[in-house]
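For reference, the structure discussed in these notes is given below.
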Amino acid sequence: MSILKTVDPVVYDLTVKELHRQCDHLEMIASENFTYPAVMEAMGSVFTNKYAEGYPAKRYYGGCEFADQVEQLAIDRVCKLFGCTYANVQPNSGSQANQGVYQALLNPFDKILGMDLSHGGHLTHGAKVSSSGKTYSSFFYGVELDGRINYDKVREIAHIVKPKMIICGASAYPREIDFAKFREIADEVGAYLFADIAHIAGLVAAGEHPSPFPHCHIVTSTTHKTLRGPRGGIILTNDEEIAKKVNSAIFPGIQGGPLVHVIAAKAVGFAENLKPEWTTYAKQVRANAKVLADVLIKRGYDIVSGGTDNHLVLVSFLNKEFSGKEADLALGHAGITVNKNTVPGETRSPFVTSGVRIGSPALTARGMKEKEFEIIANKIADVLDNINDEALHVKIKDEMKVLASNFIIYDRPTY
Ligand code: PLP
């Protein structure tokens, strides 16, 4: 940090401000987490200087002997973590991992069937504004008004659409995903089954959510959400032919030189995920999310699907005067960072919404447990009960800052 301070005090100042923001607020965005200092050190390493187009032992540049070793280490560790045979650790993001899957297994205009964005799916699962929806013919399944996937309905749609690929996995689905059932449906219509486990990967790695293997032909994830690694993506499979196609799709298909420093950081993250302590963390993530749901239900809030099986809770304000956007803003003023989200039966626009998505991974990484989540859930309810009471929001913000200060996540430099 001190070199940055000397060379570029403006960027240094912004970085320190962001550090304080992350430390002082309660970070409850379900897709965010606090990565490990060792991961950040690897990300800031000399590997950032290295061009390594290609794959270990098959590069287009010289001087790749250490890049080869670090990439192979990341591959071996992630395969061990998820119990699969082949991994591509080069995607720069979850979106690029998904793009790589499509590029590997589909042709333009092929039919894909994914979860509707407004029902909890991701943009890259065929939304019309995304290249996945522009390049392929996308069709969607959703959730029922009870907030759950109805697998009979998915089957019905799949039989009508006859997609080449079915995509399962979501950005805002609080319940377990039944990969075996999805595979039955995929087999009935002769489709590839692709699971995007970006949100739940950390739980899967710990056995806290059923594994997509052996059911799915291909699996992607981000590495920075519940996995707590660096920002990035991965693609996993047990099928050698698919693995070969994926490698060609990523490089030279859609990427050039891989981010070797990020691959090194992924290896560090996977090593953390392989430790016995990881299971303790993942169990706590789920336990904390459950407390959040239970308290909010007790306080009279409508929780989509009536609870959670994973790391996130979706709160619905369909029966309230205020929107998700207003709730998001009010909670932000109270030092609690969440995001607005559409809910089943949505009546407002996607920019306004009738819900918020709240996650437990980041605060669990700080060491918070059920006791703290009970306090926080009650404070969330206090803010929502008094959505226009700005003085109360400021008071709660101060209280949350004190609570946060008892759970130090990173050292803070003094200016
Ligand atoms: N897939 C799912 C299910 C996600 O929730 C996200 C991000 O939120 C992504 C893919 C995309 O990841 P990235 O933001 O790294 O492109």
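Start at 1 and count along the chain as shown; that gives each residue its number.
Glycine too: its Cβ is placed from the backbone N, Cα and C atoms.
Feature annotations, reproduced from TrEMBL:
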DOMAIN    4-379  domain 'Serine hydroxymethyltransferase-like'
BINDING   Leu117, Gly121, His122, Leu123, Glu240, Ser349, Pro350, Phe351  (6S)-5,6,7,8-tetrahydrofolate binding site
SITE      His224  site 'Plays an important role in substrate specificity'
MOD_RES   Lys225  N6-(pyridoxal phosphate)lysine
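Features as recorded by TrEMBL, highlighted on the structure.
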residue : record                                                  : Cβ contacts under 8 Å, 6 or more apart
Leu117  : (6S)-5,6,7,8-tetrahydrofolate binding site              : Leu123, His125, Ala127
Gly121  : (6S)-5,6,7,8-tetrahydrofolate binding site              : Gly114, Met115, Ala127, Phe140, Ile167, Ala170, Ser171
His122  : (6S)-5,6,7,8-tetrahydrofolate binding site              : Gly94, Asn98, Met115, Gly169, Ala170, Ser171, Asp196, Ala198
His224  : site 'Plays an important role in substrate specificity' : Glu32, Asn33, Thr35, Pro230, Arg231, Gly232
Lys225  : N6-(pyridoxal phosphate)lysine                          : Ala30, Ser31, Glu32, Asn33, Ala198, His199, Ala201, Gly202, Pro361
Glu240  : (6S)-5,6,7,8-tetrahydrofolate binding site              : Thr85, Tyr86
Ser349  : (6S)-5,6,7,8-tetrahydrofolate binding site              : none
Pro350  : (6S)-5,6,7,8-tetrahydrofolate binding site              : Ser118, Thr342
Phe351  : (6S)-5,6,7,8-tetrahydrofolate binding site              : Lys325
Revision key, fill the gap. Averaged over the domain 'Serine hydroxymethyltransferase-like' (4-379), the pLDDT of the predicted model comes to 97
Exercise for review: Provide the three-state secondary structure of Pro350 ((6S)-5,6,7,8-tetrahydrofolate binding site) computed with DSSP.
Suggested key: coil
Point to revise | Number of Cβ atoms other than its own within 10 Å, given for Leu123 ((6S)-5,6,7,8-tetrahydrofolate binding site) | key: 16
Practice item. Can you tell me which of Leu117, Leu123, His224, Glu240, Pro350, Phe351, our recorded positions, come within under 6 Å of ligand 1 at the Cβ? Key: none
Point to revise | DSSP state at Leu117 ((6S)-5,6,7,8-tetrahydrofolate binding site), helix/strand/coil | key: helix
